[in-house]
């Protein structure tokens with residue numbers, strides 16, 4: 001039997017790349033990340049993705065310049081090249097560790113969403129186990145297939161979100177968006193910069209750089225995905241505010257699912273069960289991609305060639321770590337908030353550091 | 001059996017394991033008791049902290065081929081800590097698992113709604129996962145258990161259908177407000193408006209029920225006779241800060257609809273208006289809001305002023321004075337002026353009532369006012385609820401007569417009688 | 001060259017036991033003798049003459065040349081009339097002493113050979129062999145005449161609009177049907193023997209200047225590595241050359257329509273033909289080739305796409321209705337509109353089984369009726385199927401074994417499954433349906449979605465002859481984008497890029 005191989009030896013095209021990135025990061029608006037924004041910013045929370053997005057252009061652009069400067073070198077090789085063996089290892093290890101924490105926290109939260117919103121009596125370990133089983137299976141199939149799946153399902157996920165938003169808009173009120181600046185214009189900008197880590201995951205996307213067909217595709221794809229994520233996030237946040245007003249929305253753990261429970265369309269009074277499958281598919285693909293990228297980073301760090309065999313082990317580890325928390329909706333949320341505050345400056349500083357070192361070493365002149 | 005290899009065995013084993021044990025959330029439809037409405041009341045002679053729950057349970061068997069002679073519903077009342085806990089206690093009487101999947105209404109007794117602690121129980125609904133946020137809040141004059149027992153529709157016997165239709169129709173005619181649970185939360189939390197719940201009763205007022213104006217009534221005051229249900233859904237219960245304070249009549253409810261951009265426009269409000277040409281008669285008109293109301297606010301002043309322009313489109317349906325307005329421009333103008341004046345007067349009366357009696361408005365104007373501020377602290381500083389009673393509010397009705405019924409002209413009455 | 005390779009392989013197997021003893025005499029090195037009687041005797045032994053009834057040896061004396069000759073053929077697979085008129089008659093009536101045998105015999109194809117093994121192959125394929133005394137080579141006269149039926153209408157892939165010819169069990173006729181549609185010298189028909197004992201031959205058909213050589217080579221090597229005694233037909237061959245033998249998704253397309261095979265040829269695919277197979281194999285097959293039918297392109301664009309939408313809908317209905325019913329009724333009751341919910345609850349009140357079991361029961365009953373309907377003698381088959389289903393459903397409902405809504409659900413799913421024409425894909429969908437029902441019974445929607453996601457991951461990871469299963473949708477290739485919907489014919493200007501055709505543009 002021949003080795004399964006695609007046309008470009010395991011590389012992905014721009015469509016697949018964009019789909020992966022959007023599903024990875026865009027699904028954040030359906031979990032408790034929104035709560036991070038609503039609590040301090042109330043009805044101005046929708047501006048965060050926009051302001052953050054503009055702010056995040058700087059680190060992303062700088063990192064883009066550095067990493068695309070070296071063809072066929074991913075973030076890992078580049079950092080070894082720039083920082084030398086020890087510092088690079090340290091930086092990358094931190095990056096990997098944060099990524100790993102994100103996976104544990106997020107999977108625990110998604111398990112909690114499924115558990116509290118749809119499967120009340122099913123034990124968490126079963127929900128969690130199935131979630132990670134699907135993700136592990138997907139991750140084992142490799143990047144090319146993850147990309148294919150992401151691209152196959154992405155239009156439907158986007159359509160389902162779009163339908164939800166449309167119904168929410170029609171059943172909400174624009175008046176809730178005012179006063180425009182929520183807690184005050186200054187506050188908005190201040191808080192935005194604290195929560196810039198919502199785009200943190202873009203850093204991990206750079207690990208995929210050598211696996212994208214062409215440098216041009218990577219550049220274009222990243223920016224397209226970036227824009228799509230910002231637009232989706234802003235629109236979703238607007239829709240939640242329009243439906244609930246800022247008081248209610250700030251108290252909810254999972255506004256997306258609350259919104260699904262509130263809206264109705266024609267004779268269908270309970271839309272949540274119709275949208276739920278799409279959201280689930282999105283979650284599966286999201287964590288598959290996370291798991292794969294995280295393991296890719298890990299494998300490169302400790303120099304393992306065949307990291308596919310690590311996947312089941314890691315998946316199991318994640319399940320048990322994620323189950324430690326007793327009350328995921330609260331503890332995991334707080335943990336996430338803490339990580340978000342810590343990583344925000346890091347997300348901003350790290351790419352700049354990359355660029356400065358590269359500039360200082362005179363890399364761009366070569 | 002060498003043919004079945006280890007992975008296969010494992011897969012089969014886990015499948016059977018799951019099939020046998022993995023039924024945590026599995027329930028069969030026929031093993032559920034579908035609660036259509038929950039009643040909440042303050043129990044008498046019981047210690048504080050308890051609430052009397054009434055379940056109105058739909059019977060799926062009603063009207064079915066087999067067992068179709070079973071009654072369409074089942075009602076059970078008992079005292080309990082909260083309505084989450086009630087699900088288990090109900091099973092001492094009800095054979096099936098209680099399900100809130102068909103739950104659409106929360107019925108509260110007027111007495112309980114006026115209680116300070118009422119809001120505490122209402123927030124239980126945010127904790128229960130299978131509670132929908134678009135439940136409707138219905139205030140009954142009597143206790144919910146009496147209300148449900150007395151409510152015996154003759155034709156639409158199945159309770160979920162009956163309530164569904166009543167509400168759909170009520171929304172279209174504007175006799176009852178939507179009264180959705182999530183707006184109750186929202187309004188209570190934002191603390192700037194009053195919330196309108198649905199008002200209903202099964203007890204007819206004995207005396208003086210019929211008032212001069214057929215629209216100035218609330219549930220219980222409508223005098224109907226014949227062989228039908230005694231339940232009446234009319235008017236709204238006004239909740240301020242999560243506590244019921246007053247009621248609005250049908251007319252006031254409708255006027256609130258017309259004055260608000262938040263509520264969905266009722267499709268047909270049929271109402272009587274005084275005939276400017278003959279005091280003995282009234283014109284039946286169909287009133288609609290013609291787009292959004294226009295608000296002009298000046299909140300900077302010492303005494304904030306609001307200018308409200310309400311665009312109204314109106315259709316004259318009856319004409320008992322037999323005047324032919326359609327041919328006479330002057331008559332039409334007079335009619336328009338008169339109707340405008342009447343409406344303006346009514347609006348002003350209602351606004352005055354809300355300012356003086358409620359101290360807050362149900363129209364959701366505070367939301368429109370939010371546009372005048374840049375940040376929430378500023379807006380909260382202004383304190384809409386506190387400022388509202390002192391505001392100077394000018395109502396201006398912008399009336400347009402659309403049609404004069406199907407047949408425009410009427411015969412001259414004198415000629416007919418001649 | 002390939003024949004040589006093949007022979008080499010066989011020699012290796014020769015000492016592999018007594019199995020091939022009968023074939024030992026066919027050793028390539030053995031040649032015929034110049035003495036006629038000796039040669040004839042060799043062949044008499046090989047063919048067990050005269051025990052073997054239809055093996056005929058006709059001794060003739062060639063007038064003019066004044067030589068003895070012998071004609072060997074198997075009468076049941078040879079056209080005796082041709083032999084009589086064009087071989088025996090000219091040989092007997094010849095008066096000229098200078099003429100060559102080649103010029104005497106007037107059959108269209110004649111060749112000479114010396115090896116006994118080759119002669120045997122030819123005789124087994126229906127040729128007559130003429131041995132002449134004092135000559136070291138034999139004349140092979142092509143006059144084969146295998147029995148087969150005439151060209152008929154396709155039975156499984158019926159269309160309303162479009163050609164109505166189907167392949168038959170005779171490969172030469174099938175090739176002729178293909179050549180009729182591609183009148184081009186670049187159409188190549190190669191043969192390769194795929195079995196050792198029965199010597200079944202597979203015909204590899206492709207267009208030389210379109211099809212990528214890699215794919216042709218891959219197909220050839222797959223055929224070559226087969227190591228079996230007999231492969232009766234393509235349905236069996238398919239199972240030898242497919243990628244994964246246990247996967248529920250088919251990776252080789254089986255079509256009985258020459259027009260369909262030709263359209264694949266023109267796109268750079270390889271088509272396999274065999275005697276005894278009223279169909280052809282198209283390799284490699286993507287998911288879309290099972291989803292499409294030839295009529296999609298024969299109908300005008302809107303009509304064609306309409307049928308595609310219907311088929312897609314049918315596919316999803318088949319896959320999901322039963323599972324969805326189970327999931328909704330046991331896990332997500334709130335999804336159902338109130339009236340329907342109460343209706344379902346009231347009908348289920350008297351049914352003794354859980355919904356999962358109820359659905360499985362009905363599904364299995366439906367599959368049974370379907371299978372039995374196939375095996376029942378044809379005149380009563382359809383009646384039994386429909387009547388059986390109706391009566392069984394009706395009776396089951398009245399006996400309160402299943403609720404009426406389950407009958408509707410299962411019948412809808414079963415009916416929709418007929419819209420997926422390809423039998424392999426049909427089985428794949430029907431089997432997956434059962435897995436979905438069980439997943440839904442265990443985990444509700446969560447289980448279904450998990451299974452679906454696993455399925456999609458599996459589907460995209462399938463490769464057939466190096467081609468991704470969902471290409472060109474994902475991974476993306478340059479192509480005419482003929483996937484869920486088709487494009488205007490004028491816009492279908494590219495051959496599928498995943499086939500890496502030598503000529504990308506169709507026009």
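Yeah, the Cβs are placed from backbone N, Cα and C, and that goes for glycine too.
Feature annotation from TrEMBL assigns transmembrane segment to A:12-29 (among others). With a cut-off of 8 Å between Cβ atoms, the residues of this chain six or more beyond the transmembrane segment (A:12-29) that come close are 143-144, 146-148, 150-151, 153-154, 157-158, 198-199, 201-202, 205, 208, 211-213, 217-218, 220-222, 224-226, 228-229, 232-233, 236-237, 256, 279, 282-283, 285-286, 289-290.
The transmembrane segment feature in TrEMBL is assigned to A:41-63 (among others).
Outside the transmembrane segment (A:83-105), and at least 6 residues removed from its termini, the chain residues within Cβ reach (under 8 Å) are 75-76, 200-201, 203-204, 287, 290-291, 293-294, 297-298, 300-301, 318, 321-322, 332, 335-336, 339, 343, 346, 350, 357. Marked as transmembrane segment by TrEMBL: A:83-105 (among others).
Residues or ranges marked as transmembrane segment in TrEMBL: A:117-139 (among others).
Annotation comment: TrEMBL describes A:151-172 (among others) as transmembrane segment.
Long-range contacts of the transmembrane segment (A:192-211) within the same chain, counting only residues at least 6 positions beyond its ends with a Cβ under 8 Å from a Cβ of the stretch, are 10-12, 17, 20-21, 24-25, 28, 33, 36-37, 41, 47-49, 51-53, 55-56, 60, 63, 67-68, 72-76, 95, 98-99, 102, 143, 218, 222, 225-226, 229, 233, 290, 293-294, 296-297, 339-341, 343-344, 346-348, 350-351. The transmembrane segment annotation in TrEMBL covers A:192-211 (among others).
Residues annotated as transmembrane segment in TrEMBL: A:223-243 (among others). Counting only same-chain residues 6+ beyond the ends of the transmembrane segment (A:223-243), those with a CB under 8 A from a CB of the stretch are 14, 17-18, 21-22, 25-26, 28-30, 34, 37-38, 43, 45-50, 52-53, 56, 60, 158, 161, 164-165, 168-169, 171-174, 176-177, 198-199, 202, 205, 249, 255-256, 259, 262-263.
Marked as transmembrane segment by TrEMBL: A:274-297 (among others).
Residues annotated as transmembrane segment in TrEMBL: A:309-326 (among others). Sequence-distant contacts of the transmembrane segment (A:309-326), counting only residues of its own chain at least 6 positions beyond either end whose CB sits under 8 Å from a CB of the stretch, comprise 103-105, 107-108, 111, 124-125, 128-129, 132-133, 135-136, 139-140, 291, 294-295, 298-299, 332, 335.
If you look up TrEMBL, you'll see A:338-358 (among others) marked as transmembrane segment.
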| Against which stretches of its own chain does the transmembrane segment (A:151-172) lie, if we need a Cβ under 8 Å and a gap of at least six residues from its ends? | 15-16, 19, 22-23, 232, 235-236, 239-244, 256, 259-260, 262-265, 271, 275, 278-279, 281-282, 285
| query | What parts of the chain pack near the transmembrane segment (A:274-297), using Cβ distances under 8 Å and only residues at least 6 beyond its ends? | reply | 20, 23-24, 27, 30, 76, 92, 95-96, 99-100, 102-103, 106-107, 110, 114, 118, 131-132, 134-136, 138-139, 142-143, 146, 149-150, 153, 156-157, 160-161, 163-164, 204-205, 207-208, 256, 260, 268, 307, 310-311, 314-315, 318
| remark: Beyond a gap of at least 6 residues from its ends, the CB atoms lying under 8 Å from the transmembrane segment (A:117-139) belong to 107-108, 110-111, 145-146, 149, 254, 257, 272-273, 276, 283-285, 287-288, 291-292, 295, 311-312, 314-316, 318-319, 322-323, 328
